[in-house]
Amino acid sequence: MGCRCLQQCCSLPSLFIIFILFFSNFFIIYAQTDPALPSFTPINRDLYHRSDALLEEIKGLVNRHPDKLSMEILNGQNRGYEADLNVVTYCQNRKETDEKSKFRILISFGQHARELITTELALRVISILSEEQFLPKMDQVLLNRTLEKLVIKVIPMENVNGRKLVEDGDLCERRNGRGVDLNRNWSVDWGKKEKDYDPYEENPGTGPFSEPESTLMRKLSGSFEPHMWINMHSGMEALFMPYDHKNTTPDGLPSQRMKLMLKKLNYFHCENRCMVGSGGGSVGYLAHGTTTDYMFDIARVPMAFTFEIYGDITASTKDCFKMFNPVDLPTFNRVINDWSGALFTLFTMGARQMDELQSENLSESKLISIDDYLNGYLMERKSRYGKKIEVLDLGMQEIRTYFRLFLLSSVLLMFMFCSRIRKSNRTLVHALSI
Ligand SMILES: [Zn+2]
């Protein structure tokens, strides 16, 4: 019986159909799950530099303009993984003036590897700072008056190792050279996982600052003490401020000031298309362990932003190059022009605030520094930065976590202790009953 059934069911044509169905399903599943498969649109090499060529161009600009620009390469390693961080500093009359008396801006591009457009924007910003290129519709004299009051540290490509993976064909890679998301590796609310957590995209690392790129960035922010931090990304059009890990913006004057600046930028440079508000409240998901939340909450940078400069929502989710980067020349130019304009407007707004606050200081004859006014946390900042103790970087988040762990272990110990007493009592009762 069994043999006849086998002959009926498994005739040659039906076996062929089953074979086809099985393998077509296999290929569909394989195509849907393998992240290493190439995306549809390749990198447009007419528009985008290779990473080493981009960094070479920047080095050339720095070498041609030593009066304004300088560059250093920081290096870090952790458990056999090594990373370089290129830092370009813009400061007019560097030797004569103290960096600390100026308005300080720290700005990072290319934290996520696949967002190539942001690194092209970095090159444009540095070209404008060198005065080899100019902003359209911007008065150069007025701009120079602003720029002489600023020190700007630019990280043109934060995630160099991840970028190499993208250039080797993994166009959807956003993480660093060993698979950690550098915008989840910071200490504010680190490691918390939402329901929609994607372990491939959002791997936060083995602990806060497990990655050399993040450690180098943290050290840089600690020594530079910026008044303004900007983290440049792509994937959508947005002007974000803290917080990323919760659905609210912070209370107080610094927060109101940030919101106002973003609204102006949205009006003048984004035709009111950009989302404005807290990252966590606007983007559609909460992000834990982000750089901007750390810069605002722990490093006490009074103005902390994340900008998303371009996104193609019509692109397939597998077509990463198209989703995160403009693919034609007119759009490429529009994005670079719009956002370099937006950044220089933001720099001008920051410098103007410094002027206003300094004149208020003079009129009120108060000898309080610009830093203290800007961050709005006079006493806190003094105690934080006065001591220069690395451990303070841990911040309240970590202290809260340790306190919770301490409470939990105390409760567990109490429980174990009580259950032992009960057990010994029971043994006594049992022994007596016999
Ligand atoms: Zn990003």
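In case you wondered, yes, glycine gets a Cβ from its N, Cα and C as well.
Taken verbatim from TrEMBL:
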type	residues	note
ACT_SITE	E308	active site, proton donor/acceptor
DOMAIN	47-328	domain 'Peptidase M14'
TRANSMEM	12-31	transmembrane segment
TRANSMEM	401-418	transmembrane segment
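Mean model confidence of the domain 'Peptidase M14' (47-328) amounts to 95 (pLDDT, 0 to 100 scale). Taking all protein chains in view, 23 other C-beta atoms sit within 10 angstroms of the C-beta of the residue listed as 'active site, proton donor/acceptor'.
Under DSSP, E308 (active site, proton donor/acceptor) is assigned to a strand (E or B) in the three-state scheme.
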